[in-house]
């Protein structure tokens, strides 16, 4: 949150006073007391378990043993490895790709390891040249508005601020991004260029994966060419060994005491029973659902207004932030996997990394039951990637099933076509695959190793902390759709939330784990600055918070600037969410103008983009003549792009600029945070 500070200058009368007055002595005592309290409180906090409370530990290793050695160079040398694959991952995909590359290294006589840059001293890159035929590969995702992922932030800043001599370091970079976003693969591109600037040698050109298209395809194609470049650079040949080597081994934990078994916690054992501040991605807060009500007035779709109770949590949020919700898979799907594989879902097990040097001992919190793993930790509803098809081949007893899996796992045009049609187009998840290929019966522990982690879902917060300091509001559409195979797929988080209905005060209220993710989507620091908000559908969510905050300022007697909202939905009588609230804000003067587009209330569809084109004078008056701010929230693939094109056109026409000048003007608005987007694809 940006803040402005004022300096108050007061005139004083100089009089003769003792060298040290009673007031001076009193102030000195106060300062010493505060310093003493701060020092010992800080010391107490730093020595508490909150400093390093969330690392998932195997029972045989202590925290000190796991974190004492951050030198990946020493690990490479001591284990005879020459390949290290670093990952910058927010959702787990980059980490998964890194693991697949490290695993394949064995085929090229390059023993590899996966490394989290957050846990490594990246300055050790200067020593890579000491290892013969060594190679560092970086699988790096770009996150948010062109930001590094949380675990790659320190490495990114080290590259920015340092000038290490990386001559002798051989490297390659694969980026994970989304073409619909402005800062497409910005971090990977920077790292690739910066490493070269510091003297490192690029073994293979950068790969850019597009999650809006088929990032798996992008990765596989790049990876195949990568190994060709590696063979050429080092003068080595592929061994041809295609064996599926397990990364984790199964450990029977049937004798483990119940209190040592994870039951859905994200990281720290019993963290939901013994909640500890601060709450974050590894330590979410178990929030009660205070309100869950339907926003749609009619129709066959559902949109929920949900309020999470954060009273007593010490959690703070700003208007425009996101809240992360940790979902769980439906018991119906989990039970189906147990039936298809004839497995005991209540058996307690652990998966232990076969690489003793790896900092990642387990793929998810262990030990736990298979039911817990499939419910809380593993993604069983998304489309599996091609490497899973490859790993399933050995479990197919029917030659036809085996051939189908081999085809989909291949990189041939026919294989890619089959994978795209059978998995992606038909929207099959792992349950559907096991149903439709009945001879495929993988070991459940191996399946748990292969499936990606279930990720939290992010929602724009639709409330202001000034008005609702003890609760967080979200606005979420219930996701249900029928696939081409006539199966009903359900959104993991929204369908769970739909079931969490508060009851009367006498019964325990439903709860769900959450944490707050900071955003750059912020109101102007001055309440007088005029703003335009463009948010069709649930894109209205953050603007509800914006309007609440400005309304709060108005009621305090502060001057507020113009607030113009563009909102659109299908039908006024069906899905005009928060209608009464918005009309009240118009009536009391907080909302200056409310432009509405109901796309299906007339023969020709009408969208907010049409209204923007009709109101060019108003747009230019605010963003051009009054230096106001413009905000967009919603679909990145079409709506946000269309809005951007319209704004450029308005700047050209009303600001009398060329296309190049208008593009630069809008770019400058973005740099000044006067043009902000909170979008998703």
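Note: Cβ is positioned from N, Cα and C throughout, glycine not excepted.
Residues or ranges marked as transmembrane segment in TrEMBL: 20-39.
Marked as domain 'Flavodoxin-like' by TrEMBL: 83-227. With DSSP classes pooled into helix, strand and coil, the tally for the domain 'Flavodoxin-like' (83-227) is 65 helix, 35 strand, 45 coil.
According to TrEMBL, the feature domain 'FAD-binding FR-type' maps to 282-524.
Around residue 599 (NADP(+) binding site), the same-chain residues six or more apart in sequence whose CB sits under 8 Å from its CB are 568, 569, 570, 605, 606, 607, listed in sequence order. Marked as NADP(+) binding site by TrEMBL: 301, 538, 599, 600, 605, 606, 607, 608, 609, 642.
In sequence order, 324, 325, 327, 492, 493 are the residues near residue 457 (FAD binding site), counting only same-chain partners six or more apart with C-beta under 8 A. Residues or ranges marked as FAD binding site by TrEMBL: 457, 458, 459, 460, 475, 476, 477, 481, 491, 492, 493, 494, 680.
Of all the binding-site residues in the record (475, 477, 680), the one with the smallest CA separation from residue 301 (NADP(+) binding site) is 477. Between the CA atoms of residue 477 (FAD binding site) and residue 609 (NADP(+) binding site) there is a gap of 22 Å. Taken as a whole, the domain 'Flavodoxin-like' (83-227) shows an average pLDDT of 93 in this prediction.
Residue annotation for FAD gives 457, 458, 459, 460, 475, 476, 477, 481, 491, 492, 493, 494, 680. The furthest Cα pair among them is separated by 23 Å. All protein chains included, residue 459 (FAD binding site) registers 24 other Cβ atoms within 10 Å of its own Cβ.
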